[in-house]
Structure formats: structure tokens, C-alpha cells
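Here is what TrEMBL records for this protein:
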- 88-318: domain 'GPI inositol-deacylase PGAP1-like alpha/beta' (DOMAIN)
- 7-29: transmembrane segment (TRANSMEM)
- 422-441: transmembrane segment (TRANSMEM)
- 453-472: transmembrane segment (TRANSMEM)
- 484-505: transmembrane segment (TRANSMEM)
- 517-538: transmembrane segment (TRANSMEM)
- 550-571: transmembrane segment (TRANSMEM)
- 583-603: transmembrane segment (TRANSMEM)
- 724-746: transmembrane segment (TRANSMEM)
- 752-771: transmembrane segment (TRANSMEM)
Amino acid sequence: MAAARSWGAPASVGVAVAVFVVFSALFFADLHATSRLQNSCGMTYSSPVFTALPMPAATDAAMQHTHAKYTFSMLHVADDARLGQKLFSGVPLLFVPGHLASYKQARSYGQHFHELYRSHGDIKAGIDFFLVDFNEEATGFTGHFMAEQGYFINEAIKAILAQYAHLDATLRPTSVIVLAHSMGGIAVRTAMTLPNYMPNSILTMVTLSTPHMQPPFPLDSKMAGVYASVNSAWRAFANSCNESACTNPVFEDVVVVSIAGGHKDFVIHSSLASLESLLPPTHGLALLTSAMPSVQTSMDHLCLLWCHELLQTITSALNALIDPTARRIVARRESPPSLTVPGFATSERDLYPIWTPLVLSDLSRTHYILVFPVLFGISVAILATQLERWQLQIADTATFTALLAPTQHWRYPLEHARAMDLPSPAVGAGLVAAMLGLYYVDAIESVLCYSYVYLYVVGCVFCLSHSLGRVLRPFTYSAARCSTLFTPSVLGTAVIMIVFGTAHGVYGLPLDASRELALACLSTLGTHVLTWISLLLLPSRSPGLAAYQATVFSVYAAVFPCWLGDAVYFVDVVRFPRAIELNFLSTVVWFMLLLGPCLRHVLLARKYYFPLPPAAMFGRMHGATLETPTTSTPDACSSCFVEDGGVGAVFIQATTSETVRIGSVVVGPTFRVVACDCGVRFSSSVDYCDFCRRVCTECGGGEVARQERRHFREYMHMMHETVVAHRSVSSLLWLVLFGGLGLANITRSAHYIVYLGACVGVVASVYHTGLRGALDVEDGLAVTPKTAEPLMHEVQTPKKKKKVTKTT
């Protein structure tokens with residue numbers, strides 16, 4: 001067994017490390033080579049002037065905070081003759097920024113629109129350029145902001161159209177052209193599904209590198225919900241259309257043009273900008289910048305906002321759409337336009353020196369988030385393996401890096417499968433059926449992708465663990481000094497003082513119910529993060545507990561990105577308090593319910609190793625070490641002795657508990673046997689002659705051992721429910737691993753790992769709290785085990801001085 005283990009670990013980990021090193025080197029080499037390619041875009045220079053515009057008060061009480069944090073303005077160029085005018089008569093256009101973006105990024109588009117207006121010399125040909133400022137929110141991290149931004153967009157459009165109330169009804173615009181960058185396009189599409197959307201107020205939408213198909217950061221559950229509901233509404237519209245007309249009045253006249261940057265856009269993969277299944281072919285167009293005849297170049301994510309050739313093309317096309325008869329130019333094409341965008345055009349592939357295989361390159365840029373579910377699965381498998389090793393009382397303590405080997409953390413499930421004694425033909429038939437099923441559902445490629453990501457993650461974690469282990473080794477701490485530092489009371493008090501003190505003391509924010517709830521959520525998350533990081537930076541000096549802490553750190557390292565969106569949202573609530581209503585309260589409660597078990601688990605892992613199973617508890621209570629597989633025979637066991645009076649026995653002088661003294665007279669045995677002359681001592685049986693009694697529980701010999709085994713059986717029968725509880729924990733972890741990740745794969749919902757992490761936290765917390773006994777001490781330091789007490793005790797008694805009696 002030892003030989004197989006020593007071969008399996010280096011071989012399987014070596015393959016994973018090779019995959020990680022080779023493909024990381026290829027990917028970053030491609031990234032470096034692509035970034036060094038010359039940008040053929042011309043620069044756009046502008047001198048913008050931004051004018052703030054008033055917004056009417058919010059009609060929805062739950063959305064009043066949006067008017068406090070968002071603003072509405074207009075863009076002019078410095079030499080624009082319309083600057084400062086109060087009445088507008090052009091065509092309204094609204095720019096919507098994206099993730100962490102500023103409304104000022106629209107200045108280059110404003111310059112191009114101004115040049116078009118100046119060349120026409122007709123005020124009716126002008127574009128009135130309006131902007132919404134989302135305060136540079138991290139829209140891509142959380143879906144909480146989508147409904148708020150969508151609500152404000154609809155209110156801004158109402159305010160824009162109100163600016164033209166002075167015009168005649170025949171000249172008054174009833175809709176707004178929308179130009180949206182990145183996640184701003186999703187905010188606009190969300191706005192069109194909200195109750196405050198004014199029908200037909202958005203008829204033309206141009207999106208720049210907007211991920212329409214799926215979120216670029218799909219670990220936020222709220223964002224996943226936004227995409228599910230919005231895309232569902234737009235797919236219902238696409239399905240309601242036939243060759244002649246559409247039956248959905250909300251989107252009936254909408255035209256969407258999606259433009260993607262191509263290979264050089266490393267923020268949003270261009271394939272996510274597709275509109276397939278979201279619109280009928282007559283209502284949409286998706287294309288790469290390299291496929292546009294007047295551009296013919298790939299560009300990065302921000303270049304879409306200033307590339308002269310691209311902006312000239314887009315502004316000219318939008319200016320042409322001022323003519324109502326030209327607005328549906330997409331519908332007048334002889335052949336339906338494409339709604340699908342590839343990662344990059346075929347013509348681009350000859351320009352870029354790509355060494356990484358195309359499938360893996362696209363996988364790394366579109367499904368990079370798979371790293372976190374796979375890391376979670378590996379970590380939970382290691383956690384279950386550590387637990388099973390502990391409950392089987394395997395003596396050697398495996399390190400975290402040793403258990404990273406696939407041959408280690410998949411060992412026990414495979415052994416359980418082999419224990420079912422299935423015939424080989426049945427196993428072979430099952431494998432063939434599984435392969436056919438995967439082929440039928442077109443999942444072979446997914447399995448290969450997961451296998452690649454699995455090996456990549458194993459290699460990455462092994463390299464990081466090996467490196468960090470050397471760097472952080474001096475930080476191992478003394479339990480006596482730091483055991484009281486990482487307690488819930490100390491950590492919670494410190495984090496609460498820091499969070500609340502910063503908000504109210506440093507920034508002077510007033511008291512508000514929603515603000516205090518948000519600060520409480522941030523304090524809880526801060527306590528969790530601080531304790532979680534301490535598992536890595538300040539591991540225990542106990543090898544077993546240190547390996548367990550490394551595993552727990554790895555589990556929640558996979559879950560941690562799922563909390564980023566909530567953290568960003570609660571920070572925003574602290575800055576701009578919300579109304580106390582059902583949606584906000586449910587968000588707070590749900591956050592605490594999911595985070596609470598994870599926090600409890602890391603706090604317990606900070607102090608305790610796995611609880612002793614009943615078998616080990618019995619051994620500890622009887623003064624024995626943890627029961628281990630027998631490795632010695634009674635004749636060679638160094639932990640036991642025999643009692644024999646036969647010829648050939650080796651004795652040493654000893655005073656035992658059976659030695660009897662009557663005054664100065666010694667009655668009883670005054671020796672112990674250190675070697676036996678019994679003729680059956682080399683037999684494999686544990687039954688020896690009645691004269692020779694073995695008493696050691698380690699080698700299993702003798703009458704005393706048989707009595708111990710009888711007591712052990714009685715004890716285990718009495719503790720039957722506890723035994724079942726201990727053994728069910730690892731089964732529950734495997735169930736969470738296979739069931740949860742299987743469901744996440746079927747539904748293609750990576751954010752499910754936040755729920756799986758909470759499940760692991762619940763299982764581990766109940767296991768630690770409910771099954772921890774009196775002999776489970778902090779920091780994994782067990783009571784020093786004693787050897788089993790022998791039948792003949794050695795008793796050290798001082799020699800008594802003889803009394804001298806005087807005679808007279």
C-alpha cells in the first residue's frame with residue numbers, strides 16, 4: 001500500500017503541474033504578444049463640456065436612493081453653438097456607461113456627433129447627447145445594481161422626452177437612441193423589462209462589447225437571476241415573431257446592434273456579445289469591428305470608446321437613422337444579418353501568433369470561472385478524504401499537498417465502489433453506457449474541458465501551496481499566545497469597532513436603519529475573511545490541524561468570490577441608505593444565512609481538529625493510543641511483557657503491585673519476565689497457553705486483550721448512533737460534492753457554489769459542535785496517550801529501613 005501511494009502522488013501531481021506550467025506559459029505568451037501588436041486606430045481629441053440636468057423626484061419610495069447617487073447630464077463640445085440653450089430640437093441620444101466606468105467616456109462620441117452637426121449646418125440634423133452617471137459602480141460584480149440603474153434609465157428617458165414638450169406634436173420625439181458600453185447594455189435591456197418602462201421609448205440600441213449571452217462574472221447569484229429573467233423576456237419576444245410580424249408590443253419595433261472588439265478585448269470575450277435567440281434576425285445585428293469595412297481592426301475593451309475609425313462609422317450610421325424611413329435598415333437587407341459573434345474573425349487568426357490551442361484559448365477566456373467550482377470540488381474531496389483517514393485512524397498525517405494528488409482524494413470513493421463487488425462486465429457496460437450518454441447529449445467536449453481545468457487547478461494549487469508553505473513557515477504561531485485572539489468574541493468585537501467606527505467616526509455618517517444592517521453584514525463578512533486568512537498566514541503547529549486548516553482555507557477560497565458582489569452592494573448601502581422594505585430585508589437575511597455557517601466553520605477550524613470517533617474515544621479513555629492496524633506480533637511486540645515460570649525464561653528483578661510485604665518479609669513475586677520461552681509464541685494465533693498471558697492491546701495477545709475487545713464491542717454497541725453520525729459526515733460531504741456540482745454543471749450556474757459552501761459549513765459546524773467530546777482539546781493537541789496498563793504493574797516503592805530494637 002505504501003509503495004502504491006508513493007508512486008501515485010508524484011505521478012498524478014506531476015502531470016497536473018506540467019499541464020499548469022505549460023499552458024500558463026503559452027497563454028501569457030499569447031497575451032503578451034497580442035498586447036504588443038500595433039493599434040491601427042486613430043485617436044479622437046475632444047474638448048467636452050458637461051452640463052448637469054435636473055431630475056424629477058422618484059415616484060417609487062424604494063428607488064429614491066437612485067436619485068441621490070445617480071446623475072443626469074448633457075454633453076456639448078466647447079465650440080458648439082447650442083451650448084447653454086434651454087430648448088432642444090435635435091434627436092435625443094442617451095449614453096450608458098458600464099462597469100466601473102465614467103459617463104465622461106462618451107466625450108469622443110460627442111466630438112464626432114458635433115463634427116457631423118457642424119458639417120450639416122442644420123440644427124435638425126443634430127444629435128442631443130444626454131448622459132447618465134452611475135457613479136462608477138461595479139456593475140459587473142453584482143446584479144443588485146441592475147434594477148436600480150434600469151429604473152434610473154427609464155426615469156432619465158422620461159426626463160429627456162420632457163425636454164421636447166415645446167415642439168409641435170408631429171416634431172416631438174417619442175423615443176431615444178441608446179448607446180451603451182459593456183454592462184451598460186444589460187442595464188438598458190433590464191430597464192425595458194421594468195414596470196416604469198415607457199413602451200416604445202427605446203427603439204434603437206447600439207451596444208459596445210456588451211455580454212448579452214451570460215455574465216462575465218457569473219459567481220454572483222443576483223446577477224445570474226437578472227440574466228435569467230431579462231433573457232427569458234427577450235427570448236419570449238423572439239419566439240413571438242414570425243416572418244411577417246411580432247406579437248410582443250414592448251419590443252416589437254426595437255433594433256439592437258451589438259459590436260464586439262474581437263481578439264484584443266480581454267475583458268469581454270466577443271462571443272458573449274452575440275444576440276442569438278434573444279432577437280429575431282430582422283431586429284438585430286451582431287458583428288466584430290474587424291468585420292466592418294471602414295474599421296477592419298480588432299480593439300480592446302476601452303478602445304471601443306475612442307477609436308476614430310469606429311466612432312466615425314457608428315456616429316454616421318446613427319445620424320442616418322434620424323430619418324425614420326432608414327431606422328429599420330437591418331430589416332431591408334436581402335439576407336438576414338448574423339446574430340452570432342465569434343471570438344475573433346478568421347482574418348484575425350493570421351495576424352496573432354497564438355500558441356495555445358484555440359479550444360483552450362477560448363475556454364480560458366469564456367469559462368475561466370470554472371476554476372472556482374473545480375477548486376471547490378477538489379477541496380471538498382480532500383476534506384472528505386482527511387475525515388475518512390481520521391475515522392479509520394490511519395497513523396500517518398498526510399499534508400495538504402500530499403492529498404492534492406488525484407490518486408489520494410479519489411481513493412476512498414473508488415474503494416467504496418470496489419467494495420460493492422460488481423462484476424467486471426457490469427462495470428464495463430456501465431462505462432460504455434455513460435460514454436454513449438455523454439455523446440448523445442453532446443457532453444464529451446464538456447467532460448474534456450472539465451478534465452483539463454481539473455488538472456490545471458491541481459497543478460496551480462500544488463505550486464502555490466508548495467511555495468507559500470516555504471514562505472509562511474516562520475509565521476506558525478504558539479497556541480498559548482494566539483489561541484484567545486481568534487475567538488468569535490474577540491474577532492467580532494474588533495471588526496465591529498473598526499467597521500462602525502470608520503463609518504460613523506471617520507466619515508461621520510448619520511444613523512440609519514438600512515445603513516446599520518449593511519454595516520452588520522460587512523462586519524460579519526470581515527470577521528469571516530480575517531479568520532479565513534489566518535488559516536493560511538497563522539497555521540497551527542500541530543501537523544494534522546495545519547493540514548485541515550489548509551483544506552478549509554482552500555474550500556472557502558473557492559467560495560469567497562461569490563461574496564464580492566454582496567460586499568460591493570452593502571458598501572453602496574452604507575453610502576446611500578435604502579428604504580426598509582421586503583426585498584432589502586430578504587437580501588440581508590439571506591446573506592447572513594449563507595455566510596453564518598461558513599464563519600462558524602472557519603472559527604472552529606481555527607481551534608479544533610476533527611472530533612474523536614467512538615473507537616478512538618474508547619482507546620483514550622482506557623489509556624491507549626488511537627487504534628491502528630496491527631504491525632507487530634506478540635512475540636516481537638516491544639510494548640508488552642509476559643509472565644512465565646518456565647525454563648528458559650528471562651527475568652529481571654522488579655517490585656510489582658502484587659508483591660506483598662509483611663514487615664521485613666517479602667511474600668509474592670519479585671520479578672518480571674522480559675522474554676518468553678513458550679513454544680507457541682511464534683504461532684499466528686492470539687490464543688496462547690493459560691500459563692502465558694499476553695496483556696498488550698497493541699499486538700492483540702492474551703486474555704486481557706480479549707477482555708478489552710469484549711468491552712470495546714459493548715461500548716461501540718452502546719455508541720451505535722454516535723458511530724453512525726461520525727460515519728455519515730463524510731458521506732454527506734461526498735453528496736454535496738457530486739450532487740451539488742452535478743446540478744451546477746447541468747444548470748450551468750457557477751454561482752451555486754455559494755450554496756454548496758454554506759452546506760459544507762453546516763455539515764462541518766454540526767459535526768464539530770455536536771460530536772466533540774471532553775477529550776477533544778483546542779489546537780489539535782491531544783492528551784499524551786499512555787500505553788495500556790499491564791497485568792503486573794511496576795511499582796516503585798522506597799526501601800524501608802530496618803528498625804533496630806534495643807534490648808535491655
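Here the Cβ of each residue, glycine as well, is placed from N, Cα and C on the backbone.
Because TrEMBL annotations are produced automatically, they should be read as predictions rather than curated entries.
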Most Cβ pairs under 8 Å with the transmembrane segment (550-571), selected from 453-472, 484-505, 517-538, 583-603, 752-771: 517-538
Residue numbers, six or more beyond the limits of the transmembrane segment (583-603), whose CB comes under 8 Å of its CB atoms: 62, 144, 486-488, 491, 514, 517-518, 521, 524-525, 527-528, 531-532, 535, 552, 556, 559, 563, 566, 569-570, 573, 754-755, 757-762, 764-765, 768
Closest-packing stretch to the transmembrane segment (484-505), where packing means Cβ pairs under 8 Å, from 7-29, 453-472, 517-538, 752-771: 517-538
Among 7-29, 517-538, 752-771, stretch most in contact with the transmembrane segment (453-472) (C-beta, under 8 angstroms): 7-29
